[in-house]
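Here Swiss-Prot flags 62-82, 89-110, 297-318, 350-372, 882-902, 915-934, 965-986, 1001-1023, 1030-1050, 1069-1093 as transmembrane segment. Look at Swiss-Prot and you will find 83-88, 319-349, 903-914, 987-1000, 1051-1068 tagged as topological domain 'Extracellular', backed by sequence analysis. The ATP binding site annotation in Swiss-Prot covers Asp414, Lys415, Thr416, Glu511, Phe553, Lys576, Arg607, Thr687, Gly688, Asp689, Arg798, Lys804, Asn828, Asp829. Under the heading Mg(2+) binding site, Swiss-Prot lists Asp414, Thr416, Asp825, Asp829, citing similarity to another entry as support. Swiss-Prot lists Asp414 with the feature active site, 4-aspartylphosphate intermediate, giving similarity to another entry as the kind of evidence. As annotated by Swiss-Prot, phosphoserine applies to Ser738.
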Amino acid sequence: MDCSLVRTLVHRYCAGEENWVDSRTIYVGHREPPPGAEAYIPQRYPDNRIVSSKYTFWNFIPKNLFEQFRRVANFYFLIIFLVQLIIDTPTSPVTSGLPLFFVITVTAIKQGYEDWLRHKADNAMNQCPVHFIQHGKLVRKQSRKLRVGDIVMVKEDETFPCDLIFLSSNRGDGTCHVTTASLDGESSHKTHYAVQDTKGFHTEEDIGGLHATIECEQPQPDLYKFVGRINVYSDLNDPVVRPLGSENLLLRGATLKNTEKIFGVAIYTGMETKMALNYQSKSQKRSAVEKSMNAFLIVYLCILISKALINTVLKYMWQSEPFRDEPWYNQKTESERQRNLFLKAFTDFLAFMVLFNYIIPVSMYVTVEMQKFLGSYFITWDEDMFDEETGEGPLVNTSDLNEELGQVEYIFTDKTGTLTENNMEFKECCIEGHVYVPHVICNGQVLPESSGIDMIDSSPSVNGREREELFFRALCLCHTVQVKDDDSVDGPRKSPDGGKSCVYISSSPDEVALVEGVQRLGFTYLRLKDNYMEILNRENHIERFELLEILSFDSVRRRMSVIVKSATGEIYLFCKGADSSIFPRVIEGKVDQIRARVERNAVEGLRTLCVAYKRLIQEEYEGICKLLQAAKVALQDREKKLAEAYEQIEKDLTLLGATAVEDRLQEKAADTIEALQKAGIKVWVLTGDKMETAAATCYACKLFRRNTQLLELTTKRIEEQSLHDVLFELSKTVLRHSGSLTRDNLSGLSADMQDYGLIIDGAALSLIMKPREDGSSGNYRELFLEICRSCSAVLCCRMAPLQKAQIVKLIKFSKEHPITLAIGDGANDVSMILEAHVGIGVIGKEGRQAARNSDYAIPKFKHLKKMLLVHGHFYYIRISELVQYFFYKNVCFIFPQFLYQFFCGFSQQTLYDTAYLTLYNISFTSLPILLYSLMEQHVGIDVLKRDPTLYRDVAKNALLRWRVFIYWTLLGLFDALVFFFGAYFVFENTTVTSNGQIFGNWTFGTLVFTVMVFTVTLKLALDTHYWTWINHFVIWGSLLFYVVFSLLWGGVIWPFLNYQRMYYVFIQMLSSGPAWLAIVLLVTISLLPDVLKKVLCRQLWPTATERVQTKSQCLSVEQSTIFMLSQTSSSLSF
């Protein structure tokens, strides 16, 4: 065996620094490496077919049935249906089988149609033509036939067919522009960079002769992360190793823009592409309503088992006497007498289970799903939540949490881009204590933008002038801003000046503002060409700097750096970042003066950044290059190694100055927060900004008020006192004024709570969350939570993304288990959005990662007010009524059946006809509650927006508490007693018909069923406050349908029925005067307690919502009276 092959296998399967199991090797163009390299081992990867469908023609039926019967309710009814088939039961298998068949069939048709559409889309994608290089020539084939290692050519406006490593383009600088709108919703153009050693290959022959291998990580779904390296082989020399990152990766689904063509090598194909891996849905979130519904279901299941058990025991007690067990007309056979008693009892128990199984509402699950699915469209159709400026409307990524929007107790919000506009404007810069402002009014005149002015000392020293220019050069060079000459380019952009057509583009609005601001002060960034950055200085001379390295920004370091080389050969490292990140790394500069200015600007709500630098000698730079290269080419723990390298490089800096950028508060952000607080919701701001800046924003948006007493839990205070002492001191402060915490205080819904505000920073939070050797961490957390519960607002500053999620999780799993909502607009907010019960993304300027990973997305923060106070309120009211109503009407349905067993010797005789058993939940009572759960508005939309306190009436799952559930259950039992015994007393009078005949068993059951259908439907009509023609049509139409169906079902001889026990029954019942009287009287008696309860509660213990309803009705009557009087006076005047 070849030694190189053995060496490769040993490296691959033995442990070492690089874990080869977690990486793959790809041979570019399927070409074997030159002699001396590692042996060529062909590897098997999936083809490029995308399969987003779940089913095939062969497995649809078994797989779909398996998935549907995994649901507990469907499986339960399947068992009931099988019991009906196996043993002799009182009801036909049709009564359970038909509703189950209907539910399963409707769901299967819906899922099958959706899967058919996915098949069509997959086929269209898999069969689209793709150009690839084979033996130096351009060949065309279908996308599905692409393999890993193929070299592909993509033209402008074409979509990348798989995940590609960018090798070259027609551009001389080896760049290309892409849009990823179909992946993450971002329409801005992103720049990607070709591999340095392949960007000169512009023809098919050149690229076809490339000898290279790529080593990269195994497929993973993160769109913004990629780790790999490329080995480019030459004929004589050792391979050149270059790192590969996300900037070199072109993702499937992205589109090539403003570039004629590119060449790339396929590394991930088919279902291993990042787009395909992102098909997987997020973890399922369950709402409080769903949890309550499952708890109620368990209660009713226990009631069902109890009923069956009681009836089984009573049956055998009743039949203990021989003449009852074997009446003369129903003698048992010998085999029946010899059957095992326990087997007979178990069979009877199952028969009673079948008889009473309708107490579990199978159709409730279908109705709830339809209500959530259809209800989500009301959010997306809401014109009030459409933002004309961005052209965006609300998005619903999941409809399972609509009602959870009405239960929120804590809101965790990001600051930048969520509360603020993320539209940055450069305000000033401070250089060694000298302040420069672009727009200044001097002697009544506005100075030219390019001049600027030193607000403290207009004539700094010669050395100061050098530092000033170095500071401006640092701002011109330390960024990732691009300059485009095409005005049609999308994305955040700024024109350098009004007379030029070029635009600045960056994923960070801060960088655009800084580059634009320094341009007004005399230094203009021109472009990046052939790895040289060009700037125009104050003397209108172009300066060129070679870009050697970029140390990219990340939210943990909170800074970025560049290493550049000037035309004179001097090498500089320029670094900019947060003051907390820069100051500890500074050894020289006027730190105290700049720190004072930074703190002053922060208090005014401005965003601040500090700028520092250091000169590097050639030997230092070469050492940095080796350090960075080793970290960049690592396949395992690359991010960790890069972070360690950055720590070693970004130190011993000289402080140059600081900048101040204004980020204005969003429109109506303050009004929204004020309304949310009135609704009893606690609002926390979680931000990475410094404390002073964030606090100023909190005051501006009315989170903190002038009379709010601020409590600080920051690193600075903890340095002066121990963490234990600080926590106990704050705890005593808040408890001294607020007293013992009540249950409402804990939930954040007390209006009388002392107005405290807490400020905590990331370092202090780390100390609180950090486990201690003595196990005291838990005590610290409890103390911290106790303090937070007593504060009306909390500000968490200097937060890393994972710390935001930690805060949300801490509150989410506290002992009160409040419902949490997280809202943000950037990638650093995704972790807390996924952690919260409800995650909302703001469709902002920092991309769409937050919107993609959220449950809902809105254009602006102000739309959160209507999302919660209106939509959330309505959906909670609607679905709560739906759940309670379903259980109520099924108690009404099945309890008379239970009572009937005491009058038929526990013989399992059914009270209702098979057709009524089957259609009760499917047809007779289903549509009214569905329309109610979609249309009901117990108060007007304007009232809910105007009076946020109404939100408190439905907080903490108020309408699905056990007290309310028991009331609905008892109401159902009372109505069932009225139905049964009212009809029973009517039947005691034998003169119920004109000819003296008495009613039979089926007429008795039909009378009970008729009263029941009318009662439960009219009960819903009484609960309806918002009437439309659709409600009228469905409610009265359902009653009419029942009457017409009963007339046809009993008035026609149906040939497919073996026996027709309902023939002429309904018509005979309607021919009886007492039956008509009984229906009217029993319906009235059944509805009376609920009506009296509502009237008394409204008068004696009205809720805020009921007071508003009463006031609205009075105003409506008053306005109608005034209108009638005005009309009368008008007619009399003539």
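Glycine is no exception: its Cβ is also placed from the backbone N, Cα and C atoms.
Features per Swiss-Prot, on structure.
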residue : record           : contacts (Cβ under 8 Å, 6+ apart)
Asp414  : ATP binding site : Val685, Leu686, Thr687, Lys804, Ile823, Gly824, Asp825, Gly826, Asn828, Asp829
Thr416  : ATP binding site : Asn422, Arg607, Asp663, Thr687, Gly688, Asp689, Asp825, Gly826
Phe553  : ATP binding site : Ser508, Arg559, Met560, Gly577
Arg798  : ATP binding site : Ser580, Gly688, Asp689, Lys690, Met691, Asp761, Gly762, Ala763
Exercise. Using DSSP, how many residues of the topological domain 'Extracellular' (83-88) fall into helix, strand and coil, respectively?
Worked result: 4 helix, 0 strand, 2 coil
Problem set entry | Folded-back contacts onto the transmembrane segment (297-318), same chain, C-beta under 8 angstroms, at least six residues removed | 73, 324, 345, 348-350, 352-353, 355-357, 359-360, 887, 890, 898, 901-902, 905-907, 965
For this session: Determine whether the transmembrane segment (350-372) and the transmembrane segment (965-986) share at least three Cβ pairs under 8 Å, counting only pairs 6 or more apart in sequence.
Result: no
Seminar exercise, completed: Listed stretches 89-110, 915-934, 965-986, 1001-1023, 1069-1093 vs the transmembrane segment (1030-1050), most Cβ pairs under 8 Å: range 915-934
Seminar exercise, completed: Arg607 (ATP binding site), DSSP three-state class -> strand
For this session: Using a Cβ cut-off of under 8 Å, list the residues of the same chain at least 6 residues beyond the transmembrane segment (965-986) that approach it.
Result: 292, 296, 299, 884-885, 887-892, 895-896, 899-900, 903, 992, 1004, 1007-1008, 1011-1012, 1015-1016, 1074-1075, 1078, 1081-1082, 1085-1086, 1089-1090
Exercise. List, by number or range, the same-chain residues at least 6 past the topological domain 'Extracellular' (903-914) whose CB is under 8 A from its CB atoms?
Worked result: 89-92, 94-95, 311, 314-315, 318-319, 324, 348, 351-352, 355, 896-897, 920, 984, 1001-1002, 1004-1006, 1008-1009, 1061-1062
Exercise. So what's near the transmembrane segment (882-902) in sequence-distant terms, Cβ-Cβ under 8 Å and 6+ beyond its ends?
Worked result: 289, 292-293, 296, 300, 307, 311, 314, 355-356, 358-361, 363-364, 367-368, 371, 908-912, 920-921, 925, 929, 932-933, 959-960, 964-965, 968-969, 971-973, 975-977, 979-981, 1005, 1008, 1012, 1015-1016, 1019-1020
Problem set entry | Predicted model, mean pLDDT over the topological domain 'Extracellular' (903-914) | 85
Exercise. In DSSP terms, helix, strand or coil for Phe553 (ATP binding site)?
Worked result: strand
Exercise. In the same chain, who gets a Cβ under 8 Å from the topological domain 'Extracellular' (83-88) while lying at least 6 residues past its ends?
Worked result: 95-97, 347, 350-351, 353-354
For this session: Would you mind checking how many other C-beta atoms are within 10 angstroms of the C-beta on Arg607 (ATP binding site)?
Result: 24
For this session: Count up the helix, strand and coil residues in the topological domain 'Extracellular' (1051-1068) according to DSSP, in that order.
Result: 5 helix, 0 strand, 13 coil
